[in-house]
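Noted in TrEMBL for the protein shown:
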type	residues	note
DOMAIN	17-132	domain 'Acyl-coenzyme A oxidase N-terminal'
DOMAIN	134-235	domain 'Acyl-CoA oxidase/dehydrogenase middle'
BINDING	Thr138, Gly177	FAD binding site
DOMAIN	278-439	domain 'Acyl-CoA oxidase C-alpha1'
ACT_SITE	Glu424	active site, proton acceptor
DOMAIN	479-656	domain 'Acyl-CoA oxidase C-terminal'
Amino acid sequence: MEGDDNLAHERNKAEFDVNEMKIVWAGSRQAFEVSNRMSRLVASDPVFDKSNRAVMTRKELFKNTLRKSAHAWKLINELCLSDEESTIFKYFMDQPGFLDLHWRMFVPAIKGQGTEEQKQKWLPLANKMQIIGCYAQTELGHGSNVQGLETTATFNPQTDQFILHSPTQTSSKWWPGGLGKVSTHAVVYARLITNGKDHGVHGFIVQLRNLDDHSPLPGITIGDIGVKFGNGAYNSMDNGFLMFDKFCIPRDQMLMRLSKVTREGKYVPSDVPRQLMYGTMVSVRQTIVSNASVAMARAVCIATRYSAVRRQFGSQNGGVETQVIDYKTQQNRLFPLLASAYAFRFVGEWLKWLYTDVTQRLEASDFATLPEAHACTAGLKSMTTSATSDGIEECRKLCGGHGYLWCSGLPELFAVYVPACTYEGDNVVLQLQVARFLMKTVAQLSSGNAPAGTTAYMGRAKHLLQCRSSIQKAEDWLNPAMVLEAFEARALRMAVSCANNLKKFENQEQGFSELLADLVEAGIAHCQLIVVSKFIAKLERDIKGKGVKNQLKNLCYIYALHLIHKHLGDFLSTNTITPEQASLANNQLRSLYSQLRPNAVALVDAFDYTDHYLGSVLGRYDGNVYPKLFEEALKDPLNDSVVPDGYHEYIRPFIKQDLRSARL
């Protein structure tokens, strides 16, 4: 077939060892072997088939997800998979379901905020899935503003219980995954009230359903919030609502590692610093950044392979048409997304290291790096998820009309991924947290305190505020020092400009309100600098093979130079570079596209995704696209009959001009 030949020819062009790149993408040979084994284990099991999700009813989809989750848990135990293997196995299932929140939020919340006694009581039950948990924080009226939550937990010293209550409709818990129909328990966040005093939001372990018949306990109203965006997507998940009507729980079900309430009702802060609770948040956001690279890679793999298979225009005298991937407009839209997938992968690796380092410091009561870690994970979560959701949609457009088909894999991938821009912190709100961190750092520059970590560049403020880029020719844009200086100068100047503008306001909070848009852009500039710097560091520190290094170098500078092109206004308005230097950057970018072109298919092959995981006719490894598109079309229930239901009632009267007989 033509598609087979096209992709085989593309793979023969590769100028590097694809297997070596697979190991770089995975992080290590061991990680590659585990990922490869788990992805193929899932792909070979018919229970995990995904091909009919688009035509399932909501109830069928949900029940099928329960079946898959139960089968996955059975296999994990039968095969004695490690925690790492289990996590990867569940990821390749590619099916949002109740397992996600149980393991990613419910269990970590108890580990991080529970006392030793609470962990000994609840974790064995959760680890064996004798109870199934979710994370009930967001309410109908409040999401990002956690301090504005309305659910109350009032201590009653007469009964030694907390009374959980939903005082308003907007206080309904809304959105928690697994809550609607599955979870037996939840970590619920509510305003703690003792002796009439509000102590703010705290966490509580709450049983929701009877463990014998799964019915909601008296005083609890619970259900599913309804159909969401997409065909299958998150409709396989029972995102739920929850209301309490003076529902009582024992006092010892308050998570009491960080603070507790005594039998007499006295509120006692713990000796354990409250900053420890940020550890779980940092962990979750670090995982989200790593997942952004995977989602971007899936979309780019589909678009790249299909761009090599698809031919349009360019034929001479009836000859072969041009591969779409050869058009510069296609490369200009596609290759920066390919570069982004790798860039996000490497910054995700660094964030994993940062989380481990911060965790060790927290356990030693060293909180010095926590503000930076919080800002980094918040900002990078915001930046990478926004870029990835936009990138998936761009890949759909790059596949033309066929990208709109469910079987392309792209519409459902987008529907599954786009909530990441909102959960675990709205992206704009998170970027403002980065901006506040930057403003504090700028304010401390005059005090002599040298910034560290990702803001270390601000310690060279005097130089960066005055320097002019020394770029003189296009090739200079491949000099890592020159590229980093351009990104550092831009980020610092934008941050300093915001700080100076804030000083013009008597009330700083009013200033923040007025300058929100500028502050968000300053946060983004700082985060983009982090990604570029970590990509360059990865190249210089870890990559040895010449062929692989050359391709990653191309990707690194495509990522950096495309950001300069995209945010040219920032670079020019801050006098970081000149218009002539910007023109040289564009010239170098076009050259890099040409160098990347022969290796594009091999670079997406290095992601090592099975056809099962990709779930895309357009992105098939064998390139056999067009016959498979016909196969998928013929599977649709509408094609079960040649003449459609409704013909005699509605279509025939039109044709016969006898609308009086139509059953309207």
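In case you wondered, yes, glycine gets a Cβ from its N, Cα and C as well.
Model, not experiment: these values are computed from the prediction.
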Work out how many Å separate Thr138 (FAD binding site) and Glu424 (active site, proton acceptor) at their Cα atoms, rounded off.
10
Alpha-carbon spacing, Gly177 (FAD binding site) to the residue listed as 'active site, proton acceptor', which is rounded to whole Å:
13
Could you count the residues of the domain 'Acyl-CoA oxidase/dehydrogenase middle' (134-235) that DSSP puts in helix, in strand and in coil?
9 helix, 44 strand, 49 coil
Using a 10 Å radius around its CB, how many other CB atoms surround Thr138 (FAD binding site)?
20
If you count the other Cβ atoms within 10 Å of each Cβ, which of the recorded positions Gly177, Glu424 comes out on top?
Gly177
Helix-strand-coil residue split for the domain 'Acyl-coenzyme A oxidase N-terminal' (17-132), DSSP-based:
90 helix, 0 strand, 26 coil
